Every structure is written in C-alpha cells, then in structure tokens.
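S.K.: This is the structure I want to talk about, given as structure tokens.
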Amino acid sequence: MEVKEVVVIVKWSGKEYPVDLTDQDTVEVLRHEIFRKTQVRPERQKLLNLKYKGKTAADNVKISALELKPNFKLMMVGSTEADIEDACSLPDNIGEVVDDFDDADEREESVEHSAVYLAKVQRRVRDYKIKELAPPREGKKLLVLDIDYTLFDHRSPAETGTELMRPYLHEFLTSAYEDYDIVIWSATSMRWIEEKMRLLGVASNDNYKVMFYLDSTAMISVHVPERGVVDVKPLGVIWALYKQYNSSNTIMFDDIRRNFLMNPKSGLKIRPFRQAHLNRGTDTELLKLSDYLRKIAHHCPDFNSLNHRKWEHYHPKKNS
C-alpha cells in the first residue's frame, strides 16, 4: 500500500499551524495532531470547512476520502482549557490511567508493522533535527530513558529538583554509561527537557554523558482500537539515523507501556516514581535495573531474545 503525505494548514486564533499527516490517517488523528499544536482538545474543536459528502466529516473518515487540495486551509474554532474559566481540570495522571497495554501483544504487533506508522517514522527521520551532545562510542549498546516518573517525580512540590530525583539516579547513569550510550526521550518540549536535566545535575555530570535529547515532536501518533489516538516513541527514528543501533542492542525504559507500541520487545516498563517525599527512602528500582543492564550487556548478544517483562528474574546462565 502506497502511503502519501498530506499537509493541512489549520487556521485558528489568527495563526496558521501546519499539520503533517498521511492519507491513511483519519479525522480523529487530525484532531489529535491539532491538539498537539494548539492545546485545543479534540472535543472542543469545531472544524468549520472539513466536509465529507456534504456533511461534517466524522472522526472515522480517512483523509484520503476527503480529497483535500494541497496545503488545504482548515478553519477551526475552539478554546483551550486554560481559556475556559469553569472547565474542570484534567487529572494529573490521566495518561497513566488509560494507556497500559499489559495484555496487548496482538495490538502491538499490528501497530509495529503498519505501513501508515512506518511512513510517519520515516517523516520524523527526514525532518527531525538531533542536537548531538556527545558522540556515539564504538561497541556500545543503546539505553533510551524517559524522564517523568522514570527518573524524576515531576508532580510533587519541592524546594529543589534533587528532592524529586529518583534515588541512585547518578549511580545508575554512571553504571549504565560503561556499556551503553544514553539518550533521553521525554514527551515534553525540548526546553523543559534541558531544564530538568540541568536541575537534576545530569547535564553537568562528569561521570557520564548523554548523547542527545528527543522531545515530543519526535514522537508519532497511532490509532489503537478501543483506545483512540495515542502518542508513542518509535525507536526507528534513532535506528535510521544511527545505524549501529537496532533492536538487538537497544533497550528503552518508560513508566508508560504505550510508548513501546512501535517497538514492544525493546521496552521495559519501569515502576513509576511518585510521591518522592514518601518513597525516597525505599525506592531501589534504579539499583536493580543497573544490575539487569550490566548482565544483559555482558551476557546477551541479542536483546530480541529477552522478555523485559521478566527482567527481575533474569539469570545469565539460564537465559544466555
């Protein structure tokens, strides 16, 4: 199936926002991408001139069926939550509530090999600009790390960033750096990633180096039955730009399993670090994971053979 790229120009609040899609995406995906650009939630968007057979296009209609002209300009009306005084605020952990896929192997497989989503990955490879902070090192494996709730409790109040840092963070990164090049990938803006890395002392630590940061714009949106549209972190973006890394030598940590949908075998769901003030004294997750990373780096030549859901039970003699 040939997948064609489509650009829709959304006109809203006096500005224009280009939205990159494929012709196999649906109106629901379009709304999700508009939300990423404008922060106007899909249910609040009124797409004035998006028609299908003379009527307002339903969410399940494919972009290809709309027969849009190149650089079609879409008129939108809608308000952000911040602009609606009586709007109910969303729960802080709404993402974590709805996005676990613990029993979703078939769904993962269908997403991973979808031509539509692979085309989106290729677009990220083409358009995303990586700012390299440290060069890759020969013979090293790749560790990709989330930030929020993985390395850092970003919701609890504190005087300093170190109060919210997951215990043993610097020891973990120092140990991992012996065998892995390290990449930070967060579903936030680059400005916030850089600020958090500065606050945590990661950016300035002499014992290890982060190769580069990836932000939310390197992610892609996928449609999952019964879940709707979600954003995921496709490792193919990194693998295409750095050929020495692939599924055999890459592992990614995140507290949200849906981020692994494009690369389910490469992801390890870490226990989220919340309520830092209560859990700082007992959280040893990073210490245990340091041991796991070291063992698989030294004893497992192909990470595809691993089941990261059972990482706590890995024994080199039995698994290598």
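Numbers run from 1 along the shown chain.
Cβ coordinates are placed from backbone N, Cα and C, and glycine is handled just like the others.
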S.K.: Which of these, ASP59, ASP215, ASP231, ASP255, does Swiss-Prot list as part of the Mg(2+) site with ASP146, ASP148?
M.R.: ASP255
S.K.: Excluding near sequence neighbours, so keeping only residues 6 or more apart in the same chain, what lies with its CB under 8 A of ASP146 (Mg(2+) binding site)?
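M.R.: In sequence order, TRP185, SER186, ALA187, MET252, PHE253, ASP254, ASP255, ILE256, ASN259, ILE270 meet the Cβ cut-off.
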S.K.: With DSSP, how much of the domain 'Ubiquitin-like' (6-77) is helix, how much strand and how much coil, in residues?
M.R.: 19 helix, 29 strand, 24 coil
S.K.: Kindly state the mean pLDDT of the domain 'Ubiquitin-like' (6-77) in the predicted structure.
M.R.: 92
S.K.: Same-chain residues six or more away whose CB lies under 8 A from the CB of ASP148 (Mg(2+) binding site)?
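M.R.: Residues satisfying the criterion: HIS154, SER186, ALA187, THR188, ASP255.
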